[in-house]
Amino acid sequence: MPKHQSGSPTDSSDLLLSGKKQRPHLALRRKRRREMRKINRKVPRMNLVPIKEKTAWQHLQALISEAEEVLKTSQTPQTSLTLFLALLSVLGPPPVTGESYWAYLPKPPILHPVGWGSTDPIRVLTNQTMYLGGSPDFHGFRNMSGNVHFEGKSDTLPICLSFSFSTPTGCFQVDKQVFLSDTPTVDNNKPGGKGDKRRMWELWLTTLGNSGANTKLVPIKKKLPPKYPHCQIAFKKDAFWEGDESAPPRWLPCAFPDQGVSFSPKGALGLLWDFSLPSPSVDQSDQIKSKKNLFGNYTPPVNKEVHRWYEAGWVEPTWFWENSPKDPNDRDFTALVPHTELFRLVAASRHLILKRPGFQEHEMIPTSACVTYPYAILLGLPQLIDIEKRGSTFHISCSSCRLTNCLDSSAYDYAAIIVKRPPYVLLPVDIGDEPWFDDSAIQTFRYATDLIRAKRFVAAIILGISALIAIITSFAVATTALVKEMQTATFVNNLHRNVTLALSEQRIIDLKLEARLNALEEVVLELGQDVANLKTRMSTRCHANYDFICVTPLPYNATENWERTRAHLLGIWNDNEISYNIQELTNLISDMSKQHIDAVDLSGLAQSFANGVKALNPLDWTQYFIFIGVGALLLVIVLMIFPIVFQCLAKSLDQVQSDLNVLLLKKKKGGNAAPAAEMVELPRVSYT
C-alpha cells in the first residue's frame, strides 16, 4: 500500500485557495470605487449655476428714476451734471465692515442750527452805524446760494425770526417800534453851550413786537450781568452830547432791570426778555405832549404807543433767553442767555424810518446787516419752515431755502434761521483691516519685526513651493480687501481736503490786505479756532495715513444705532439719550491718547528689531541646515536598512515554521519514522 504524504494537503492548500477566493471581492470593491469617483465627478456638473441677469433698459430707467428722486428731495435743479452725480450716489459702494474709529473732523462742511440757549456771541455788522450803532460792515461780500433743503437738530429752540405776517411754529414775530430820544439845542451864550429847548429824534425800528397775546409785562427781580448796568445810573442826560445838533443820539448798552417785557415763540415754550423799555407799562405820548413847547412843537406818532423814550440816547434792545423752568415758581432763578446784536439783524429786514428834529417828513434809510464767520442765515418762506419738538430735541427742516450772510429789506416776506458751521465734529470712519497706528516709522519696525522671525522663515522654506504660492496669494487677497475697506476713511479724508483747500483759496482771495479792523478781527477769531484745532490735534494721537482728518484711537461700536451719530452731525452735542456727549467722547479720546503714548516702548521695539535682524544672519542659519542634513541622512539610512531587516525577519519566520512541521511529524510517528528522503516538503509562504 502506498504511504500517504505527510501533512495535511487540504489544510496546507487553504492558504492559496483563500487568496484566490478573495480576489473577486477586491475587484468588486475597486469597481465600486471607480463608479463612486465617476458619480462624484458628475455631481458638480449637475449643480445649476444661476444665469447672471444682464442689465436691461428697464434697470437703467429705474436708476434714472431714483436719481431724479434724489434731486427732487434735495431741491437741486436737474442738469446733466447733477443727474450724473445723483446716479453716482445711487450706485455708491456698499458699506464696509472693517475696523471703525472715531475721527476728529475740524471745520466740517456742514451747518448746525443755532439755538437761543447758545452762549457764543453772534456778531452783526451794519452799513448804517450812525443809526444802528455797532461795527461797520467793510466787507461788501454778500453771498446768496441757490435753493437748498436743510435739515438739522438742536438742543434748544432755534433762533428763528419771522419778518412776514405769517409766523412758523417756534419763531418770533417782529414789528416796527418807535425809539425816541432828545438832544439839547446849541446856545453859545449859555453855560456849556446848551440852549433851553430840546430836539426830538424819532426812529422807527423793526424789532420784537410788544403787542399781542405773545407779549407780557412781568416784573422781574433777577440781577442782570454786570455788562448791562442800569441806564439811569450808567448814562446820564446829555452825557455824550458833543455840541453838534445834526448828530443823532447814541445807542446805549444798558438795561432797565426793574422792568421787562417777555415774548413767547409761536407754539413753543421759552421766553425772550427785553429790558430796553424805560416805560413798558405806561404810554409816554401824553408826557411828550405836555412838553410840546420844550421839544419844538414835536407831536408823537398817532395810534402808536411810545414806550422807548429815554433822554440819554436810544437803548439797545438786548434780548435775554430764558428756558422754561420745571418749576413755574422758580422763574426768578433761571439763568438768562443774552443776545446783544441780533436786533441789528432784525432792523435790517425793513427800511429804517427817521424823522429828524424840525422836519415834518420821514426819511427812509435802506439798511443791510451781515453776520460774521462762522454764522450764516437760512432764509425761507414761513410755510416751508418746520420746527417740531420731539422729546427734548427740536427738529428743523426748510425746503427751498437760501443761505446768505447778509439781510436787507428784500427779506421782508421771509423767515430767517441762524445757522453755524461747527468748529469740529466726531465722525466714525472705517480704516479697513489695517491696525491703527500714529507713527509710520514705528509701525514699519513692527511689520519688519513680525516678518523676520527666523523660525517662521525656516518653516516657510520647508513648506515648499505650493505653500509659498498659497502665502503669496493670501497676501494679495488681503491687500485687495484692505484697499476696498479703506474707502470710507479715504473718502472722508479726500472730501475734507478738497473742502479745506477750496475754502482756503476763497478766503485768501476774499480777505484783502486793505481789510478794515472788523475783517481783521474775523480772521483773528478764525485763526484762534484753527489754533484750538491744532492744539487738539497735537494733544491727540492720530492715524498716520490721514492728514486732513484725525482718526483717533477710540474704537467706534458698529452695533450702535446710526441715528445717534446722525443726530450729532445734525447739531446735537450733549444728549446721551439720542446722541453722544461730545465732551465725554473728547475726554475718552484724550485718555486713550495718553495711554497710547505710555504704551509705546521705543527701546524694547528697537531691541526686538535688532534681535530679529541678527537672526537673519546667514552664518546663524548654518546650524539649522546642519540639523536638517543630519535628520535627512538618518532618514535615508533607516529607509535603506529597513528592507534588509524585514528580509531577515521573514527568513527566520520561515525556518521556525519548518521546525514546527518536523516536530509535528515526530509526534505522529513516534520518532523519526520516515526517512529524510521520503519526507514531503511542505509548501512555504514567502515573506519577501
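Using the three backbone atoms N, Cα and C, a Cβ is placed for every residue, glycine included.
According to Swiss-Prot, of the residues Asn297, Asn498, Asn498 is the one noted as N-linked glycosylation site. Between the listed ranges 377-425, 426-474, Swiss-Prot ties the annotation coiled coil to 426-474. Listed ranges 46-76, 325-355, 511-541, 542-572; the one Swiss-Prot annotates as coiled coil is 511-541. Looking only at the glycosylation sites Asn127, Asn143, the densest Cβ neighbourhood within 10 Å occurs at Asn127.
Cα spacing between Asn143 (N-linked glycosylation site) and Asn127 (N-linked glycosylation site): 16 Å, rounded to the nearest whole number.
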